[in-house]
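Worksheet for the structure shown next.
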Amino acid sequence: MGADFVALSIVPLVIGVLAAVACALPGNFLVLRRQALIGDAISHVVLPGIVVGFLVAGVAGTWPMLIGATAAALVAVLMIEGIQRLGRVEPGAAMGVTFTTLFAAGVLLLEQSDTSSVHLDVEHALYGNLESLIWIDATGWGSLVDLQALAGLPPELTRISVAALGVVAFVWFAWRPLAVSTFDEGFARSMGLPVRAIGIALVVVSALAAVAAFDAVGSIIVIAMFICPPAAARLVTNRLVAQVAWSVGFAVLSAVAGYVLAGYGPIWLGFGNSVSAAGMIATVSGLILAVCAIAGPARHATT
Amino acid sequence: MLFDALTLQLGYNVTLVMLGAAALGMAAGGAGTYLFLRKRALVSDAVSHATLPGVGVAFLVMVLLGGDGRWLPGLLAGSALTAGIGLLCVAALTRRTRLTEDAAIGAVLSVFFGLGIVLLTIVQTLPLGRQAGLESFLLGSTAGMLRSDALLIAAGGVVTLLAVATLHRPFTAVAFDPGFAQATGQNIARIDLTLMMLVMAVTVVGLKVVGLILIVALLIIPPVAARFWTDKAETLALIAAALGGLSGYVGAGLSATAPGLPTGPIIVLVAFALFALSFLAAPGRGVVALALRHRHFQHAVHLRQGLLAIASEQPIYEALTMRILRREGLVRADGVPTDAGRGRAAKALRDETRWQVARGTEHLSGLAARHDGLTEIETVLTADQIAEIDARIATPVEVG
């Protein structure tokens, strides 16, 4: 637990935790608003956006990715609304048409273009490369205060930190309108709150969190963290503040336990190789949800 | 090349896969229709993602038993097992806890998929695992498929299609009116379960062709596209099956014509192209038809209001109204009504008065309620009724 740990594990752990929290926070409101599958849709749609961003810009930088993903999310929202309105189709089906099509287009674009020079392939998009985000310049714990070494931190860390901060700020400052419009839309409207704008803002913030997290950890963690920690927290408590706090706790626990189990679990069991950290984090969050579904004090609906 | 593919001249395997994909697409379109009518389209997403751990487990078990691990029937059996468990988890989470179905679907699909990825990374560390090609189950791959696998997929597609065709009656009944279906002695829970088993079968058969991430598209897109063509449930299922079958057939053929055209995404994009076509061009509900109807309606309203304005000698300020009147030759370029215009205006005003009287007359008010301001009065009322109205207009009714 010395220099190796700092160089190999600290950065992925921190990124995993930040990504989990950034997704779990807006996830609380998505789950309560019955929009849980928006996270699923967003994480599929991000792929074509990132591919197009890369093809247009020629490099896999932050801005092309961000702009591409945002544009793709916008296209998706327009498609879903259009199909729903003009086709008079339920939202779930409209969403299904949209995200499968855009994802298929993304995969086809990837296969047809030369992206071998960058980390851009379908597997990476699905389960990320958390394990490879190592801190090469780190020589030991002392590197944490060494400016030169800190400059060599992977850029993914900066992106997810900014995104996580943005999400926390959004939830903090928009807490009251978010909470009121989530629980009682009619009441919120009568108070003069811009209900529609709040809903859109929530989706946009979720999309930003998804894009930043997707880059570092892949789409499985994004979907799992949008839904599992908030859903588990909802089965533990009836109060929104407590639910959000629990969900953050569950997200951190999933990220840390998942990462450690994936990296060291097989070694403890006598196998040489580690397993996918992203997959393990999702699995742990599922186990937490299972425990809460069986024994959570607030698992039944209050009547 | 595409022509060769579509006329089944690219070899025995490609032909088998294309026919299998067509049968699979038809089965998926049919089963998806009932899922769509039950408003549970996205449950299939949880089912399909939940197949992945089963594939991994089946591979590991077969290797532990000394086998090859890549035996497709074994892998598909494993995938069906965990898909079933995933389905049970969705049901348990929605029924036993207060979580809503969308949260349950999302939780099951992400967790099972995550577990599947963990198992895949374990498989990859095995000596045999590197060539296992289990990743092909994610997005489907029919290139270099074994003859026996192609046969299995073709047979599986046909069997699921037959099952959907046999069971369409109870499915329609439950999808449309669950209350009535129950009253006539149908067991709704069992029919829903059967439908889910069929969805599972479609998913499992489709794993190798379309892949588990996109198979849900074959269940969702054809019914949504078919919805633009018809309002009848039975026809809806037929059209959806046809669209699904066409997507599978053309998509699988297209993907065999060149490298870098992954089967699953191509099938999905063909399905979407059919959807886009339906969305735009379907008569009745298509966007073009809707726009034309809207234009026609707008034209009629402006024409009538313009004529009424001419009849009561009011000035017309609305530019569109003026344009329409001019185009119809009812108004001269300087805005003065032509003779034809005055004649039509007088008729419009007379008919408007007739409608007002009809509304005030007890035995005609029911018919008059059909008047949206645009229908010609002669198409609703008989000559006798109009004569009766005209008589009333001429002779004032006693007030009091």
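Cβ atoms are placed via backbone N, Cα and C, with glycine included.
Remember, TrEMBL labels are computer predictions, not curated facts.
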Tell me which of B:105-126, B:303-324 corresponds to the transmembrane segment entry in TrEMBL.
B:105-126
If TrEMBL is the reference, give me the range from B:217-235, B:236-254 marked as transmembrane segment.
B:236-254
Report, as numbers and ranges, every residue of the chain located at least six residues beyond the transmembrane segment (B:236-254) whose Cβ falls under 8 Å of a Cβ in that stretch; write 'none' if there are none.
2, 5-6, 10, 14, 17-30, 32-34, 37, 142, 157, 161, 164, 168, 171-172, 209, 218, 221-223, 225-227, 229-230, 261, 263, 266-271, 274-275, 278
Taking 3+ C-beta pairs under 8 angstroms (sequence gap of 6 or more) as contact, is the transmembrane segment (B:46-65) in contact with the transmembrane segment (B:105-126)?
yes
Within-chain partners of the transmembrane segment (B:71-93) [C-beta distance under 8 Å, separation at least 6 from its ends]:
43, 46-59, 61-62, 99, 101, 103-105, 107-109, 112, 116, 134, 137, 146, 148-149, 152, 196, 200-201, 203-205, 207-208, 212
